[in-house]
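A.B. asks: Pulled from TrEMBL, these are the listed features:
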- 28-49: transmembrane segment (TRANSMEM)
- 55-80: transmembrane segment (TRANSMEM)
- 101-123: transmembrane segment (TRANSMEM)
- 129-148: transmembrane segment (TRANSMEM)
- 160-178: transmembrane segment (TRANSMEM)
- 198-216: transmembrane segment (TRANSMEM)
- 228-254: transmembrane segment (TRANSMEM)
- 274-295: transmembrane segment (TRANSMEM)
- 316-336: transmembrane segment (TRANSMEM)
- 342-363: transmembrane segment (TRANSMEM)
- 384-404: transmembrane segment (TRANSMEM)
- 424-450: transmembrane segment (TRANSMEM)
Amino acid sequence: MADSTDHDYSTGAAGIVPADERRSPYHFVALWVTLAAGFTYLFLGFQYHDAGYSLLQAVAAGAIGAVAYFLYALPAAYLGSTTGQTHALLTRSILGKIGSALVSLLLIGVAAGWTAFAFNLLATLFDGLYGWGHVVVISVVLAVLGIANNLFGFKGITAFARWVAAPLMIVWVLYLVVKGIGTIPDDALNARPKPTSELPFLTGVGVAIGSVMWGNEPDTWRYGKPKFLWPAPAFGIAFAVGLVLFVAGGWMMAQLSGAGQYDFGPAFHYTVEYSLFGALWLGGIVATVLIVAINDGNYYEMVNGGQNVLGTVPGWKRWHTCLLMAVIAAVFTWQFPDVQNGFYTVASWSSIALPSTTVVMCVDQFLLRRRRVDEIPTWRESALANWPGLVAVVLAVAFGAWGLGLLPGQDAAPSAGIVPVETWLLAGLIYAALAAVAARTPNAAVVLGFSRRLRQPTEPITEETPQR
């Protein structure tokens with residue numbers, strides 16, 4: 001078992017990545033291209049087609065979603081690279097015990113939802129290629145086996161990216177798109193297909209944001225260089241692949257195959273026949289390798305969330321958390337609804353829940369600049385809660401859930417614009433306002449969730465005082 005399995009700078013006081021263990025830009029390009037070159041974005045393009053988007057509209061929705069995510073992801077990544085800490089450990093310093101526990105549950109729940117979608121989708125692809133059936137049982141087995149890369153360290157995903165999954169998949173989808181453009185008449189390419197589902201354009205942009213959203217960007221970028229624009233090349237290349245090329249590829253799958261809204265498996269079978277020379281075995285291998293590689297990231301998110309809560313338990317090892325997360329992923333996968341409805345639900349929650357907490361932490365560190373996080377507090381030292389931060393997150397997520405039609409009893413979502421972006425802005429503005437008010441109260445340090453260590457008499461923190 002690799003050393004990184006036992007210690008990945010995700011536990012307690014040893015949770016800050018040293019400067020000499022930061023990775024090269026090429027590592028992150030390979031990583032993010034793999035994360036972007038996935039079947040999620042083919043599925044997104046497929047759904048855009050069924051919603052009546054033209055090819056240009058589908059690509060535009062994906063591209064606008066990429067820009068919105070980019071504006072969020074740069075400060076989120078910078079939060080990780082400047083602190084060297086995981087998302088979950090940062091919440092312990094900034095949001096207190098209650099906030100950190102809730103965010104850890106969100107990390108596990110959102111990532112488990114994406115894992116369930118991914119392996120349900122893979123089982124659906126197997127059924128489309130080989131007619132195996134038993135989609136639920138196969139997806140659960142795959143979800144349990146998918147933890148293997150995290151059990152043996154977080155290194156397998158880069159190997160897949162550099163040598164197998166991403167290069168092969170990108171070439172394949174590029175060939176599919178080029179061949180499709182040459183095959184489909186121009187009027188069909190420019191026309192809007194007959195819709196079989198309703199998805200307004202701005203809502204579709206929000207779905208694109210949810211598809212690319214991780215929410216725990218500090219987990220990955222804590223290994224990067226602490227420069228604000230340093231992640232930009234990796235993001236740019238990844239978005240061009242995932243939210244432009246692969247969205248176009250998914251639209252082509254639907255247009256060429258004529259498959260219906262719930263027939264992604266048969267559409268994939270047709271696509272393999274059309275653009276992979278009928279090599280069904282190769283289509284299955286590519287799908288398996290790529291989905292397993294991408295879900296390293298989902299399991300990594302789950303494990304880091306679990307380590308925040310369990311990592312300090314005497315005798316508890318990181319691999320124990322890996323096994324526990326595999327069980328949770330299996331339960332989520334077993335209970336997962338059909339792949340189409342499940343996709344929209346997971347993407348919607350993904351676009352608002354964790355990003356709102358990340359925005360609050362970015363405001364705390366880059367705008368308010370009152371709190372040091374260079375030493376990770378123990379659970380005993382952590383404050384009970386950062387009340388303005390929790391209120392901001394709850395109000396923002398409640399608005400986002402309403403705007404996306406996620407609240408119980410909602411029959412449909414209102415026309416509220418690009419709801420994820422509005423949710424993030426609301427979280428940041430509410431926190432900045434409430435924190436400014438709280439800072440003027442006698443018990444400001446307690447209300448704002450400063451740890452016991454920071455509440456002890458120390459030299460006042462000013463703009464000139466080093467934060468890290």
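Using the three backbone atoms N, Cα and C, a Cβ is placed for every residue, glycine included.
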A.B. asks: Look at every Cβ pair spanning the transmembrane segment (101-123) and the transmembrane segment (316-336), keep those 6 or more apart in sequence, and say whether at least 3 of them are under 8 Å.
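C.D. replies: With 3 or more qualifying Cβ pairs, these stretches touch.
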A.B. asks: Is it the case that the transmembrane segment (316-336) and the transmembrane segment (424-450) have 3 or more CB pairs under 8 Å, with pairs at least 6 apart in sequence?
C.D. replies: no
A.B. asks: If contact means at least 3 Cβ pairs within less than 8 Å, sequence distance 6 or more, would you call the transmembrane segment (55-80) and the transmembrane segment (274-295) in contact?
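C.D. replies: No, since the transmembrane segment (55-80) and the transmembrane segment (274-295) share fewer than 3 Cβ pairs closer than 8 Å, they do not count as touching.
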A.B. asks: Have the transmembrane segment (28-49) and the transmembrane segment (228-254) got at least three CB pairs under 8 Å, pairs 6 or more apart in sequence?
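C.D. replies: These two stretches do touch.
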A.B. asks: In terms of Cβ proximity under 8 Å, which residues at least six beyond the ends of the transmembrane segment (274-295) contact it?
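C.D. replies: Residues packing against the transmembrane segment (274-295) from afar: 34-35, 37-40, 114-115, 118-119, 121-122, 125-126, 129-130, 146, 149, 156-157, 160-161, 164-166, 168-169, 172, 175-176, 179, 256-257, 268.
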A.B. asks: Quick one: find which recorded stretch in 129-148, 198-216, 228-254 has the most Cβ pairs under 8 Å with the transmembrane segment (342-363).
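C.D. replies: Result: 198-216.
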A.B. asks: Cβ under 8 Å, sequence separation of at least 6 from the ends of the transmembrane segment (228-254): give me the contacting residues as numbers and ranges.
C.D. replies: 25, 28-29, 31-33, 35-38, 40-50, 53, 55, 58-59, 61-63, 65-66, 69-70, 73-75, 77-78, 81, 166, 170, 173-174, 176-177, 180, 184, 193, 208, 211-212, 221, 264, 267-268, 270-271
